[in-house]
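See below for the structure under consideration.
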């Protein structure tokens, strides 16, 4: 009987390493940090074990730890002292993220700062834009100028990449126009253009204090049941000038990561979101899984699906890679 002997290429660890198709590197990782304006706070987020809200005055130690591990890309999320109905704190000169960015750039010039460009952390209603008084929904076109102001303010503070996440129609085009007019034509846009209205975001909203005070975000984030819609969003953002595309969430949407990869030649970013991280942590803390092996399998699955970069809360990946 003749048959194929596939096991020949699995015969030893060295052989398996040699023929491995996908690899996870420290250079692939973008690490989120939650920054609060209050002093002397380092508070573990209950629903995100191992992740902390950190004060501006304590930020340097967190940045040093991440940098020493080999992380070279950071994404800041702000928890401001005060909020209003239009998210003013997102774009003021001394906003919490602007201050954090200046601290990071002063410490490490080669640390890439990816700026999450949204309003939800700064609005008193928790939505991602200006609320229309009549429809009680986010007003798409009135929100766009505020996003542009936020992006420019973030770049002025030292951000290297703008990552708009509020899923307004036309947000890439308007931000690109605004950056170019301000002379920042070399700043790339990493669009959250394929972002689903997912239940996996829950722990993040605890961490960033950004849960909507009414309703939900289903009128601007995508339906988890839809696949072709992701390609329409991708096509629009590419036309508008995005340089990289985020798929969020990642693990339950690996088919979408592959679709996006197959339909574009720009880098694809998988966001390993808070709920995915927390489920893994909970299972590991109960002794049900081997955390290191499961995390690395998750990472390589995202790379295999087509992700060029991964946004992850798990900085321990760097330690795993060192081992």
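Note: Cβ is positioned from N, Cα and C throughout, glycine not excepted.
What you are looking at is a predicted structure, and each value in this text was computed from that prediction instead of being measured.
Here's what Swiss-Prot has on this protein:
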- 195: active site, schiff-base intermediate with substrate (ACT_SITE)
- 248: active site, schiff-base intermediate with substrate (ACT_SITE)
- 118, 120, 128: Zn(2+) binding site (BINDING)
- 205, 217: 5-aminolevulinate 1 binding site (BINDING)
- 233: Mg(2+) binding site (BINDING)
- 274, 313: 5-aminolevulinate 2 binding site (BINDING)
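Between the alpha carbons (Cα) of residue 248 (active site, schiff-base intermediate with substrate) and residue 195 (active site, schiff-base intermediate with substrate) lies a span of roughly 5 Å. Cα of residue 313 (5-aminolevulinate 2 binding site) to Cα of residue 118 (Zn(2+) binding site): a distance of 19 Å.
The Cβ neighbour count for residue 313 (5-aminolevulinate 2 binding site), using a 10 Å radius and every protein chain shown, is 25.
Other C-beta atoms found within 10 angstroms of the C-beta of residue 120 (Zn(2+) binding site) number 25, with every protein chain shown included.
Of all the binding-site residues listed here (118, 120, 233, 274), 233 has the Cα closest to the Cα of residue 195 (active site, schiff-base intermediate with substrate).
For residue 233 (Mg(2+) binding site), the nearest of the binding-site residues by C-alpha distance turns out to be 118; the candidates were 118, 120, 274. In this structure, the C-alpha atom of residue 120 (Zn(2+) binding site) lies 16 angstrom from that of residue 274 (5-aminolevulinate 2 binding site).
Using a 10 Å radius centred on the Cβ of residue 233 (Mg(2+) binding site) and all shown protein chains, the other Cβ atoms total 21. Cα to Cα, residue 274 (5-aminolevulinate 2 binding site) and residue 118 (Zn(2+) binding site) are separated by 17 Å.
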